[in-house]
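Asks: I am attaching a structure below and will ask some questions about it afterwards.
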Ligand SMILES: N[C@@H](CCC(=O)N[C@@H](CS)C(=O)NCC(=O)O)C(=O)O
């Protein structure tokens, strides 16, 4: 049994979803971003940056989502979520796995601006505009990869790279309209229809970040 320290709707969803794809039983310990629970001395021993996810598994704690996803793929057998090390697709898999964090960093900055800075005077419309543009530019790589009609990031089919990316796209769609990214929108819908995605969502409960479907840039 794995134990996942998690905030519903955060990057810990990647790990939650992957564990469901793998059929690994998981107990979820819930946290919230604004109630101080991430700052508890006990959680600090599990995640030095006091962030989620943190996964207790195999007698250790891991606290970086991409590393956790790769570790799970490498240590669990009987799945097709990772191309073999000598496969031509392995480098693409690794790149997509980590490219999800290029998007994730931009989303995190936008979350800070739109959701967490408590006063309007603290927010920077300039930063919001730049980060939104940078996120849209980064999304173009995903759209381009899907142009050849493939259903997933790898031509061989669904993999853990889609797990890293799927959660990220769900968050990105709060800040960049996907009308200009039709392949990406259809890809995200395919991912969200997966049984394991839905089971993971049900296991962690409603996401805790967004109260709007879309966040426009401030006027001016
Ligand atoms: N690169 C890390 C980022 C972890 C991270 O920043 N998690 C966010 C939630 S998505 C968090 O815990 N934020 C709490 C905070 O910044 O105080 C990963 O992918 O695991």
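The backbone N, Cα and C atoms fix where each Cβ goes, glycine too.
So TrEMBL lists the following for this protein:
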type	residues	note
DOMAIN	1-80	domain 'GST N-terminal'
DOMAIN	86-213	domain 'GST C-terminal'
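Each of the listed features needs to be described in terms of its position in the shown structure.
Replies: This prediction places the mean pLDDT of the domain 'GST N-terminal' (1-80) at 97.
Counting residues per DSSP class in helix, strand and coil order gives 88 helix, 0 strand, 40 coil for the domain 'GST C-terminal' (86-213).
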Asks: Could you count the residues of the domain 'GST N-terminal' (1-80) that DSSP puts in helix, in strand and in coil?
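Replies: Residue counts in helix, strand and coil order: 29 helix, 17 strand, 34 coil.
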